[in-house]
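Feature list (source: Swiss-Prot):
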- 35-55: transmembrane segment (TRANSMEM)
- 56-583: topological domain 'Lumenal' (TOPO_DOM)
- 62-83: region 'Disordered' (REGION)
- 62-82: compositional bias 'Polar residues' (COMPBIAS)
- Asn70: N-linked glycosylation site (CARBOHYD)
- 104-125: region 'Disordered' (REGION)
- 106-119: compositional bias 'Basic and acidic residues' (COMPBIAS)
- Asn195: N-linked glycosylation site (CARBOHYD)
- Asn272: N-linked glycosylation site (CARBOHYD)
- Cys363: active site (ACT_SITE)
- Asn381: N-linked glycosylation site (CARBOHYD)
- Asn486: N-linked glycosylation site (CARBOHYD)
- Asn494: N-linked glycosylation site (CARBOHYD)
- His495: active site (ACT_SITE)
- Asn547: active site (ACT_SITE)
Amino acid sequence: MAQDIKIMNLTKSSLEALNRNQMLSKKSSRKILKICMYAILTFAMCGVVLICLTAMSNSDGSLTQSGSHNQSGSLKGLSSTPGDGEILNKAEIETLRFIFSNYPHGNRDPTGDDVEKPADAALPNEEDQKVKIADAGKHIKLMKQYNEIVADMSEDNKEQLAKMLRELLKKKINERKKKREDPNGNNEEGKEVINISVPSFNYKRVSANQDDSDDEEEVSVAQIEGLFVNLKYASKFFNFMNKYKRSYKDINEQMEKYKNFKMNYLKIKKHNETNQMYKMKVNQFSDYSKKDFESYFRKLLPIPDHLKKKYVVPFSSMNNGKGKNVVTSSSGANLLADVPEILDYREKGIVHEPKDQGLCGSCWAFASVGNVECMYAKEHNKTILTLSEQEVVDCSKLNFGCDGGHPFYSFIYAIENGICMGDDYKYKAMDNLFCLNYRCKNKVTLSSVGGVKENELIRALNEVGPVSVNVGVTDDFSFYGGGIFNGTCTEELNHSVLLVGYGQVQSSKIFQEKNAYDDASGVTKKGALSYPSKADDGIQYYWIIKNSWSKFWGENGFMRISRNKEGDNVFCGIGVEVFYPIL
């Protein structure tokens with residue numbers, strides 16, 4: 001037995017191949033499981049619909065009789081409070097209706113003539129009158145802030161804001177109750193007070209526990225200002241929800257996402273106040289938690305050695321067309337002797353505008369398919385085709401669809417099968433159960449795959465064209481909004497992008513020249529932002545990468561990311577795994 005084990009060739013590549021076979025079998029099992037689940041869900045839904053139709057036909061009369069009672073007791077659109085199963089009571093509904101319907105249109109002083117006063121009310125003394133005037137001025141100022149926040153809100157957003165406001169207040173009340181409890185578990189004041197306050201309107205609800213006293217707790221201006229801080233961030237959150245079409249399953253998830261958004265928003269704001277190399281901005285990742293980022297960015301698949309030997313043609317730099325490899329020094333000086341300082345394939349008209357992979361983990365498909373599009377345009381007089389990422393997601397058996405993959409395996413699929421036109425096989429941002437490449441009328445095929453080492457990147461870009469690279473992404477990378485990224489990365493490669501060029505710029509001109517690519521005109525913008533020159537104003541070197549997070553991310557869908565002069569420092573992993581298609 002020992003002799004048999006020695007004979008077996010358990011090399012690293014063999015183990016990786018064995019691991020891949022196991023992963024492929026799991027993928028097949030998952031597809032079978034999905035089919036079974038869809039079948040079960042279909043039968044279940046049919047049964048539910050049948051039951052509902054039967055129940056509706058039997059209860060038409062009872063629903064008609066009870067309709068008037070339901071309308072008087074609740075407000076449509078306001079969901080139940082999470083956890084207690086109770087609808088908002090009538091007083092709370094009227095309060096929220098007043099705040100989000102009447103208040104924004106009002107501009108009244110709470111001390112005005114429309115405030116009802118007792119007939120026998122005592123005349124205020126001079127000191128009380130001054131305090132009231134000061135409070136009224138503060139209230140008017142806060143009222144203007146409120147109007148600015150909710151001016152552009154739709155009715156749905158105001159309704160959602162009401163829900164969130166209630167949850168925030170409820171949370172603060174629970175915290176206050178815990179602070180007031182003595183060691184024996186008794187409340188010191190024996191009551192719970194909910195304050196919903198805006199200028200010109202104070203609402204107080206007192207819920208007595210043991211004490212039947214109707215004493216009310218006055219609302220301070222500081223409490224009102226704290227409320228407006230929450231309104232400000234909530235307003236930004238709802239703008240984010242509308243822009244990126246976010247919808248959450250319930251108020252609990254919405255509150256959790258709001259918490260993530262506020263934390264990320266403050267991080268972005270703090271970063272932009274200090275960093276001079278790159279800026280962050282709110283984007284589709286702004287409601288992500290650390291756990292969400294870890295789930296979205298998964299480690300790319302490994303490549304066994306035997307597949308590299310079978311398919312990869314190592315890049316061989318040509319020296320003056322003589323077909324000899326360039327001999328490079330440790331500094332890379334000879335390698336870069338005759339290359340330009342700046343190269344941008346967007347300006348050469350062969351780079352498609354960035355697409356959007358959505359919530360599907362298919363970055364590897366977009367990087368590889370985009371690479372094929374560039375190479376085809378380079379060799380066919382700048383004819384840019386739109387090829388199908390969805391075909392590669394569904395049909396490449398060596399990849400795992402939305403669960404991850406690698407550009408290298410996409411190139412292998414293109415060698416063996418070709419890649420379909422995008423119009424024939426449109427992107428769905430999800431795994432189809434079956435490969436549907438029978439739809440394809442025309443395809444682009446490859447002959448082989450090229451491989452590049454980290455110290456050959458600059459020359460390969462000049463001689464070959466754009467190449468596919470893998471990077472280690474963090475939340476810093478995800479929030480990129482412009483400039484030259486030099487933030488934190490991971491050693492684990494978890495995202496694929498397309499490298500389309502490189503450049504250099506003085507530090508003081510990062511946001512002034514060559515800053516953001518204008519996809520409408522096909523030229524670089526100038527003069528967007530500028531910072532004062534520094535005494536030690538050095539040169540900043542960068543790569544230009546095309547991402548797959550839509551043209552609204554980063555600099556119109558692209559990123560400038562830091563590098564050293566030779567381009568071999570593998571910052572963020574650029575240079576560790578580099579491949580390109582050979583037509």
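Note that Cβ sites are derived from N, Cα and C of the backbone, with glycine treated the same way.
Classification of Cys363 (active site) by DSSP places it within a helix. For Asn494 (N-linked glycosylation site), the spatially nearest entry among the recorded positions Asn381, Asn486, Asn547 is Asn547, judged by CA separation.
DSSP assigns His495 (active site) to a strand. Counting other Cβ atoms within 10 Å of each Cβ, the lowest count among the glycosylation sites Asn272, Asn486, Asn494 belongs to Asn272. Most buried of the recorded positions Asn381, Asn547, judged by other Cβ atoms within 10 Å, is Asn547.
Taking the C-alpha atom of His495 (active site) as reference, the shortest distance to any of the recorded positions Asn272, Asn381, Asn486, Asn547 belongs to Asn547. Here Asn547 (active site) is compared against the recorded positions Asn272, Cys363, Asn381, Asn486, and the shortest C-alpha distance is to Cys363.
Taking the Cα of Asn486 (N-linked glycosylation site) as the reference point, the closest of the recorded positions Asn272, Cys363, Asn381 is Asn272.
In this structure, the CA atom of Cys363 (active site) is 27 Å away from the CA atom of Asn272 (N-linked glycosylation site).
Reduced to three states, the DSSP call for Asn547 (active site) is coil.
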